[in-house]
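Enquirer: Questions regarding the structure given below will be posed in turn.
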Ligand code: ATP
Ligand code: MG
């Protein structure tokens, strides 16, 4: 009994504040025990890791409490929206491992929202304002100074109704008229000072075409859409906290029962060394400062996927940072840690040589080829092993050899011994150089008794290096990524254009790399650990002749001080 109690307490302790709210609502029997959430992206860009935080919560709550989560495209502004974004959003949610119950579009509610606006006009709770945006802004007042009434505020309902029709028929140019809710120009909540609820836009909508010219504002569409669908818990980020009273006000005008969706706000995900605003991300794409929305340096889900970040790693990271009521900025190295942890458990270890130089084992028989046993993943026996070909000529990393080395250099230097991973211990005997003094070949002698299974296989040497047999290697291009921005919080550097803060070394392309033959059937997105270097995945730019790899993340955090 006691034990059971502590288990319950343990799980309660781990609930985030939103789960606590949901559990309370369930206990009180609210909404007949029904749990319904929604994820409401605006289809005006690709999803980024910040959206993943909202997705994990919206879908996670529904999963955990046996409810449903719908995908709703918040497509009330035709100017920036596009079907390409709709498709990518669906793909990214599926990739994260979530399933929506239904797909809805706010644009499906345009008629219902219109009817509701007409109702408000008839009730004297909305009016058409013919002032310019500047005039309206001037009358807003400040949080301590009440606003001024528009000269159109008390016009007859019939007049507003007639003009509202015209706003939608195409007769009224953009910016000439808006519909405003008539609430309270002296309210301490600025959102209550006769908010604009409809404006005119003449650009065709990606779904409704030219059917509408009057479009509802976010605040007039969001809560009502929640209500039409039967949402119980409407979860959004903290900046909407001040909108909540207005959200509730509209619902009170609309509802004909006790049912209300309830809005709860949580902190946004902000990451160091990147930007998360869709406007800025779009700018990077349009100005070709990155290769596209799926550039592996982008904080987009499609970019992270291409880079080799796994959905599980992203979900683990989001789990770890949690949900609070306070804005903060999360260290990207925490995300990288989660990626490393997941790939460590699942990625096959292979050999890849990024900056190759030839190592010749002068006492190894010419033409001889041996098969060495390699373990696929020491973390997971069930992943088995494979054979790797070994021969007289091997590719090794250029910096694994030094002709004159400092004391603690445990790699190849004349007279020194190292173990070739999965192979023999070899002793360096020298090198050849070109006229300019560049090393072109390294020489060593191998000790035949030191292969696995041989008498001296357990002999210890200080260094182990990786290698690829020259005649059993494949050509590869390797793309090394670093952080996209040079500063921790580009968005906070207000006096600078964010584009000036881009890291010029965020992409370094290495050509002429060599990888082991085993990778010849690797497909785009397949992930591997290049031993001693990092995690890499196959890029879709790979061709028959040259594999292209993205460095997902280095083995160690090189940014740690
Ligand atoms: P924009 O940059 O155009 O203002 P947005 O980032 O708010 O857009 P939406 O498509 O409106 O993007 O967002 C869909 C959902 O994702 C919303 O519920 C929003 O609160 C949430 N969301 C967006 N960015 C983040 C973030 N950084 N952290 C957590 N949730 C986010
Ligand atoms: Mg938004």
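Cβ atoms are placed via backbone N, Cα and C, with glycine included.
Not my notes, these are from TrEMBL:
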- 35-344: domain 'Glutamyl/glutaminyl-tRNA synthetase class Ib catalytic' (DOMAIN)
- 41-51: motif ''HIGH' region' (MOTIF)
- 42-44, 48-54, 237, 268-269, 276-278: ATP binding site (BINDING)
- 74, 218: L-glutamine binding site (BINDING)
- 275-279: motif ''KMSKS' region' (MOTIF)
- 347-447: domain 'Glutamyl/glutaminyl-tRNA synthetase class Ib anti-codon binding' (DOMAIN)
- 464-539: domain 'tRNA synthetases class I (E and Q) anti-codon binding' (DOMAIN)
Enquirer: Provide the three-state DSSP residue tally for the motif ''KMSKS' region' (275-279): helix first, then strand, then coil.
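Expert: In the motif ''KMSKS' region' (275-279), the DSSP-based counts are 2 helix, 0 strand, 3 coil.
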Enquirer: Using a 6 Å cut-off on Cβ distance, which of the binding-site residues 49, 53, 237 come close to any atom of ligand 1?
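Expert: The ones that qualify, in sequence order, are 53, 237.
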Enquirer: For residue 51 (ATP binding site), write down the residues of its own chain that are at least 6 apart in sequence and whose Cβ falls under 8 Å from its Cβ; none is a fine answer.
Expert: 41, 92, 301
Enquirer: Under a three-state reduction of DSSP output, how is residue 51 (ATP binding site) classified: helix, strand, or coil?
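Expert: Its secondary structure by DSSP: helix.
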Enquirer: Within the chain of residue 74 (L-glutamine binding site), which residues six or more apart in sequence place their C-beta under 8 angstroms from its C-beta?
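Expert: Non-local contacts for residue 74 (L-glutamine binding site): 40, 41, 42, 43, 106, 218, 221, 222, 225.
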Enquirer: How many other Cβ atoms are found within 10 Å of the Cβ atom of residue 53 (ATP binding site), counting all protein chains shown?
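Expert: Step by step: centre on the Cβ of residue 53 (ATP binding site), count other Cβ atoms within 10 Å, giving 23.
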Enquirer: Have a look around residue 277 (ATP binding site) and count the other CB atoms within 10 A of its CB, chains all included.
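Expert: For residue 277 (ATP binding site), the count of other Cβ atoms within 10 Å is 14.
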Enquirer: What are the DSSP helix, strand and coil residue counts for the domain 'tRNA synthetases class I (E and Q) anti-codon binding' (464-539)?
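Expert: Split by secondary structure, the domain 'tRNA synthetases class I (E and Q) anti-codon binding' (464-539) comes out as 15 helix, 34 strand, 27 coil.
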Enquirer: Including all protein chains shown, what's the count of other C-beta atoms within 10 A of the C-beta of residue 42 (ATP binding site)?
Expert: 17
Enquirer: Report, as a single number, how many Cβ atoms besides its own are within 10 Å of the Cβ of residue 218 (L-glutamine binding site).
Expert: 16
